[in-house]
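Trainee: In case it's useful when we look at the structure, here is the feature table from TrEMBL:
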DOMAIN    B:41-156  domain 'Semialdehyde dehydrogenase NAD-binding'
ACT_SITE  B:Cys171  active site, acyl-thioester intermediate
ACT_SITE  B:His284  active site, proton acceptor
2 protein chains.
Amino acid sequence: MASLTLPRHTGIFSGSLPTRPTLRYAAPAKVRMSLSESGPSIAVVGVTGAVGQEFLSVLSDRDFPYRSIKMLASKRSAGRRLTFEGNEYVVEELTAESFGGVDIALFSAGGSISKEFGPIAADKGTIVVDNSSAFRMDEKVPLVIPEVNPEAMHGIKLGTGKGALIANPNCSTIICLMAATPLHRHAKVLRMVVSTYQAASGAGAAAMEELEQQTREVLEGRPPTCKIFKQQYAFNIFSHNASVLSNGYNEEEMKMVKETRKIWNDKDVKVTATCIRVPVMRAHAESVNLQFESPLHEDTARDILKNAPGVVVIDDRKANHFPTPLEVSNKDDVAVGRIRQDLSQDGNKGLDIFVCGDQIRKGAALNAVQIAEMLL
Amino acid sequence: MASLTLPRHTGIFSGSLPTRPTLRYAAPAKVRMSLSESGPSIAVVGVTGAVGQEFLSVLSDRDFPYRSIKMLASKRSAGRRLTFEGNEYVVEELTAESFGGVDIALFSAGGSISKEFGPIAADKGTIVVDNSSAFRMDEKVPLVIPEVNPEAMHGIKLGTGKGALIANPNCSTIICLMAATPLHRHAKVLRMVVSTYQAASGAGAAAMEELEQQTREVLEGRPPTCKIFKQQYAFNIFSHNASVLSNGYNEEEMKMVKETRKIWNDKDVKVTATCIRVPVMRAHAESVNLQFESPLHEDTARDILKNAPGVVVIDDRKANHFPTPLEVSNKDDVAVGRIRQDLSQDGNKGLDIFVCGDQIRKGAALNAVQIAEMLL
């Protein structure tokens, strides 16, 4: 049984870079006080993955109260030790028996694990917050961004003994809607054209490692190692690696189309998206063109966004300072800038905006923990 | 007087990578036969820059006939020697006296050099093909993509003794319109929403060097050197470095808006653009959403693009193989893929496409040389 160790080259991306998920709880900086008898018992499924590690980071950062915490992962990782908030835990293998007495389970271990174990956990009375796409479009499962549609969770509460499934939306959808929703509430979005600039992290920690490795190889004049992605990622961009459907959209793009309709409870909102991977570590960017029912001036939009929860406006035209993936890495807030009246739409009924958000944090772990907080 | 030498790390980007402009004419692989008494006398202004070097490459590749060729650059580069098609040349300082007897001058030395010396050359009877933005929106100057609007050059011919200015469009505009124009001719584009993924090369050879240097530094855990760009470019993306205007658009975006109208001779076409730099060496990508007056099925669009000059379709949904900047680097053709009916527009009146083109080649040098070919 080995302790979890930091991945290779951990120091490299500190400071100016894209910190990758490091198993940072091996040596915590401080002991937090969130272990409390009155808190729920929680479980983290997929705890050794990029998002799993970020679940722990966010739980700790936000002093999430818990009576106990179970660290669950695949058989391969079972037995490894990790220290969280000053206490040592042994990673346990995920089985159908894992959920007895667990109040809240945060899942991020891929769609097939969620499909298999999510309903088992819910049947045992656990409220599952699932980061996969397994249940997102299931009409009985709420799909929630706490700042956007908290009402979708109506009726799901701790202490009732009743389990439930709650789905965490796709990262690109969350980041887009954090910025678009406050504007939508004001002027009603009729149509949205999105182009994404997506980070390696969305494909997991191994993809982040591959981007780093490839970049070293290319700089050394060697052929790039392609395992996670089938083509060179270093110094290149490519259409998102999700499967392409018969309508020509890839699955990532269709998530944005369909999840937006569900989250906004608006089956008529028109969305198109083009999802592209860029050689960036852990934060997504999105160029979003909005078409509104009512006029919305860019100054009003900027004020609305400045007051929106979880959103920060970075929009300094003079200094050419706008959001970048690097600037939002490891941050909770989604940053919005390049807020301007769309010249191609009349009557102030269009806006262009540029949005950046940390894919692992608000795009996944933070949003899930915020959902869990609403249960308390 | 030093010979031009290959830049540091030249070998690094061969094969799998983003070849930067190397002063490749120091040791040509073969002697071409395009030096001929019946050809025009030509001059290359800014010959030591990224585009200047590519001018030479393209002239040679296309066997462009010339009686003589003058290599012009700033005082700083004057006196350097370079070998082109087996003959050695000394780089001369650009002055007002440089253009006597020059039939065609290819300019790529920045807007202020073009503004100063372009009219001087034209007055002396030289036909100037200018790669800067200096004259693009001058209504007396044609703005030309040979595959798109050759008719704009009507009346400009060699051998008349009359000089002229012809403007080469912005690289992003050229790459976008190479794909959009054949569709526009078929179904009339009413509105276009563009998001770009722009390479370092658009900011010159020094920017490409900076991206490489920064990437090395970040991988070594050192702070990135920011000289050309004011922020980290390695493993990051940012809003285009062009100045932002009072309407919130940056100059690069407004070039796309205005140049499209001029090239298509359609003052009503509506264009919006968001221009973003990505850490890629020499080819741009663009996500383009099109809104048409008439219905256009994606299959028809694909056929139209397959038959369009200078365009190659890479659109294999099953293999998830679509255009990438790397795949089009050092290539003449603009690649188009992700051709699909836009779900957010009714009646088959919308399409999404993804376009990639070599910024230095079709985005600059090739297009200019094609313009020069039309003069022959």
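Just so you know, glycine gets a Cβ as well, placed from its N, Cα and C.
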Trainee: Compute the C-alpha separation of B:His284 (active site, proton acceptor) from the residue listed as 'active site, acyl-thioester intermediate', stating it in Å without decimals.
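Mentor: With the alpha carbons as reference points, the distance is 8 Å.
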Trainee: Taking DSSP three-state, what's B:His284 (active site, proton acceptor) in: helix, strand or coil?
Mentor: strand
Trainee: Go ahead and report the DSSP secondary structure tallies for the domain 'Semialdehyde dehydrogenase NAD-binding' (B:41-156): helix first, then strand, then coil.
Mentor: 29 helix, 31 strand, 56 coil
Trainee: List every residue in the same chain as the residue listed as 'active site, acyl-thioester intermediate', at least 6 positions away in sequence, whose Cβ is under 8 Å from its Cβ.
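Mentor: In sequence order, the residues whose Cβ lies under 8 Å from that of the residue listed as 'active site, acyl-thioester intermediate' (at least 6 apart) are B:Gly202, B:His284, B:Gly357, B:Gln359, B:Gly363, B:Ala364.
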